[in-house]
Amino acid sequence: MPILIITVLHYPIMASSAAAADRAALVKAFDESRTGVRGLVESGVTTVPEIFRHPDPYASLPLAPPGVSIPVVDLSLPSPAADAARDWGFFYLVNHHAMLPADFPGRLLAAVRAFNELPAPERAAHYGRAVVGGGGVSYSSNVDLYRSGAASWRDTVQIMFGPSRPDEGRIPACCRAEVLEWDARAAAVARAVMALLCEGLGLGAAALEEASCLEGKMMVCHYYPVCPEPERTMGIVPHTDPGVLTVLAQDGVGGLQVKHTTEDGESYWVDAKPLPGALLINVGDLLQIMSNDKYKSVEHRVVMNSHEDARVSSAIFFNPGKRGDSVFYGPLPELVSSDNPPKYRNFTMSEFFGAFFKRDLASKALIEHFKI
Ligand SMILES: *[C@@H]1O[C@H](CO)[C@@H](O)[C@H](O)[C@H]1NC(C)=O
């Protein structure tokens, strides 16, 4: 399943097994509270608890110089989507109003916020880590809580919308209608963007759809509470998305940053500042592979903010829905030639997700696994 499982590679080795056991006990106690990071904030914490502390959260790269911004793709104009996917791997999408009414991402994000701000016992009733066992729905804090070296400051509702549908009755009632509407509307957006990206590869507009890339869908709704010590922790550590394409809605709080490398080889983090009415689209590892590196899956992260308000966002990860052992994915055959040999080998989705769950997923480790 295309869940963001993220491991911090640079976490120092535990000083002793006693320290590791202490940490494991703290992690378990936190999980068993069933109320997430929001619950810590409600209980009045004034410092970031040890299990959430990242050794040096913001050291890796400088911030972009002023004025640098990720590109905007305007669906009402001849589209530079393919250029944006090649040069940035990430772009804002605007003027998509035929697919998404102007009030829509706002209504969705308000409903997700309302769920996360329910009284603790009501949230706790939904808490659990099993997505499949939970009818395709789960609410928990840190999907990789037991695997990562340091927990992050966020709580998440995950809903698997494809290839099989979730048990809709398991979706929290206060955001159910909005979440179902988002699933349908984001699919229309993804179809339109995939068509543009196919055309940019010289393929028929439906090539990715025919490869079942609209059929595998995982939705995540994230809630990042206000943090008492924002410099000590992170919202999400740097990672790439494993799937084909991600469609993201974020509220006005901000904190998302995208790694960009210029033609001169200089890299920095660019703030994906909230742009009213815009969605964000990004290329995942599978699309980088299928496009034989024409499109780039880039790292992104969420830094803590010191705003008064929690950040709320929701992403849908689109993946191939065909998962059989005789269905192979790799660079699209139409794109490879003797001049442009395949850069990746073919694999099944079960091999792909197997590698995804097994490996350290910081940076581009997953994609390296399939390189020829
Ligand atoms: C991957 O499979 C396709 C057929 O779908 C084939 O044309 C291609 O040569 C295979 N690629 C590699 C690297 O084996």
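Just so it is clear, glycine is given a Cβ too, placed from its N, Cα and C backbone atoms.
TrEMBL does not curate its annotations; it predicts them automatically.
Annotated features, as they stand in TrEMBL:
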type   : residues : note
SIGNAL : 1-20     : signal peptide
DOMAIN : 209-320  : domain 'Fe2OG dioxygenase'
Checklist outcome for this item: Looking only at the domain 'Fe2OG dioxygenase' (209-320), mean pLDDT returns 95
Next on the checklist: Could you give me three numbers for the domain 'Fe2OG dioxygenase' (209-320), the DSSP helix, strand and coil residue counts?
Outcome noted: 11 helix, 50 strand, 51 coil
